Amino acid sequence: SGWLFWRVTACGRRSGGSKRQVILFILCVCVCQSGAETLRYSLAEEMERDSFVANIANDLGVAPSQLAARKARVVSEGNEQLFRLNQNTGVLTAKESLDREEICPQSDICTLFFKIFFENPLQLIRGEVEVRDVNDNSPVFPEKEMVLEILETVSPGSRFLLESAQDKDVGSNGLQNYSLGPNSHFSLALGTGKGGEKHAELVLERQLDREEQRELNLLLTATDGGSPPRSGTAHIRIMVLDANDNIPVFGREVYEVRLAENSPPEQLVVTVAAADPDEGSNGKVRYTFTQTSERSRQLFELNPDTGEIRVAGKLDFEAAQNHEMVVRATDGGGLSAHCKVQVEVLDVNDNAPEIALTSLTASIPEDALPRTVVALFSVRDRDSGDNGRTECAIGGDLPFSLTPTFDNYYELRTNAGLDRERTAEYKITITAMDWGKRRLSSQESIFVQVSDVNDNAPEFTQEIYTMSVTENNSPMLRIGTVNATDADAGKNARINYALVLQEGKEQPDVSVNSENGDVYIRRPLDYEKVRAFEVAVRAADGGSPPLSAQAVLRVLVRDDNDNAPVVLHPPPDSRAAAGELVPRWARAGYLVAKVVAVDADAGRNAWLSYELAKATEPGLFRVGVHSGEVRTARAVAERDAPRQRLVVLVRDGGQPPRSTTATLGIALVDGFSDAHLRVSEEVSATEPDEPLTLYLIVCLACVSSLFLATAVAAVVVRVRRARRREGETLPTFPKAATESNAGSLPRSYVYDVCFAAGTVNSEFRFLRPLFPCFPAGLPPGPGDQRSSVCSQDVANLGEEGD
């Protein structure tokens, strides 16, 4: 039995054999699942509330701690829960005082059924409690006084059936005996019916004489078998009548009727009839119920004149399937006869199935495996046959299925994977339907929450976030926000942002708020040092283990006009203030110098413009707005001062603009030698103690001589080669010197070497190339090596540009 296997399992557990313990436990579960025997207990009725019934833990051989661990609970059949199980002690108690007569009014044996459920794993133990009867009810007669009318001619030995007493107790506590008070005419005879009920009959022992005694009063006592016994009494009043020699006679002793339980009130059940050949009042018959239960009297009514029995209440097959009534026919003379009416109630499908939820898992994780048990419930239909046969189903396309288990119990299981992000809650409607001709059904809806599992990584709204900031920003300036979403819920969707730091690299110039993703610049930036940089941002959720995603944060630094232009040429030292030589024969447009400046900013902030801020002769020179070229605005005149000083203003395009100035010193000279001598004299007068100027002049003269010697040698070589070719071919000359494509030397190798005042001691420069000039009327030939510098062409060169 199930109890025996529990005992074996408990013994195996205490014996210490782990392997055998597991085998016995599995065997126990299998036996219990397949149908274990029932635990049987008994309890006397009318016990106090929370009365002890049994110690389930001891009977099953389990420790009380296992009852709580496996969530043991007791479920009574029906809608009312009569018992309570203490999980800490394993004691089963009655929730309320039990009244057997109220629970089982028509049953000799009163048994209450219950089931004990265990979880982890699921297990069911059946049990029953027999409610023992106690003698708490006395026999009660339907009427306190019974009136019998007996003819005086009735012969001794005649019997008169008396109303039976009713005792709600059963067994030995029920009705056991009748006794009659002392009298001289009657005795009492006891009889037992088919169902074991006892009844009493008066037996006439001595002939009645109306003239002697018209009325007799007797005391009838009914006694039960309890200890101490209880009793009830009724008075019998016997009226002695004149002679009536015919008693009513029923056509049948037993009337059998089959009646559907849904029969409406006032429906005719049967008509009983008794005939009496006497005349007058002695032949008039009246019908009454006798020896009929109170319940039957409430369900049926008897017409005392016609004998028609009709439905008076609502029949219920599930409450009582048969009703037996005894009808007494009494004529006017007091003679009576009896017949039985047996009504069989036929079942109709008038009860819908009842769904009782036993166990429900309110929340299930979304990664639960298929076939996971979600709920356990039972279906009960109080009808019989096909009317009580049921089937269950769930509606909708849901990832759940029903599995029958035992005793009309069903398990609700998952049959597919769950996804909380798709469906967070399921409403499952269970429909139970019977198999009757007119099928009845009932529904029960349960709600199952799908709990979240960290199965979704955060997702950034963009793969690359581009943000910009103007340089020279304030520290911890917010420049934007990175945002990631997580389809999970709760802490699994709580996102934490952080920068991905690379080993060996410095801390980036940005920081990210870990909670909301706001991006801040940690310190001021310099566009001229860093124009853009990228960092990786990680978004991690709060799951265990956490999931994460990365995005690229690109920060662009916008330029601010924080740098003034810087002049590269002329150098900003005072000694370079007279470094440009301009011949007095220079015409308008002659290139004097070029102011070169740069701006460390970018874009519009680096756009530079030049203007002449100050000049010795305001109309003599002009400056290119965008090129910075300083040219003569007109031809140099004799009246112009030999030394000119220009101040050029260089301005950028920023807002507000920044500017700087460059100072140019210009000397108007008649020729190179005069200028050189004057510069040398000025330098010697200014710096008489510095020999470095002399050394530079000597070196520059040597270099110039070497260059001129090389140029002359090259010309001579070319002339000789040309003369050799003239012996073979007549020379052809171009019509004009301007048509010649070749000069004495390529332009990139012909330079005008000049020294500016203040710079001769540190550097020399190669300036603009010069075109060769030939004697008038003699165009150069292909092999002509002659080269000379013509003063008359210098002005033209100045006009053509550098």
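Any Cβ shown, glycine's included, is placed from N, Cα and C.
TrEMBL: automatically predicted annotations, no manual curation.
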Request  = Have a look at 278-298, 782-802 and point to the one annotated region 'Disordered' in TrEMBL.
outcome  = 782-802
Secondary structure composition of the domain 'Cadherin' (39-141) [DSSP: H/G/I, E/B, coil] = 15 helix, 40 strand, 48 coil
Query = Which whole-number mean pLDDT does the model give the domain 'Cadherin' (356-460)?
reply = 87
Key: Residue counts (helix, strand, coil, in that order) that DSSP gives for the domain 'Cadherin' (142-250)   = 3 helix, 54 strand, 52 coil
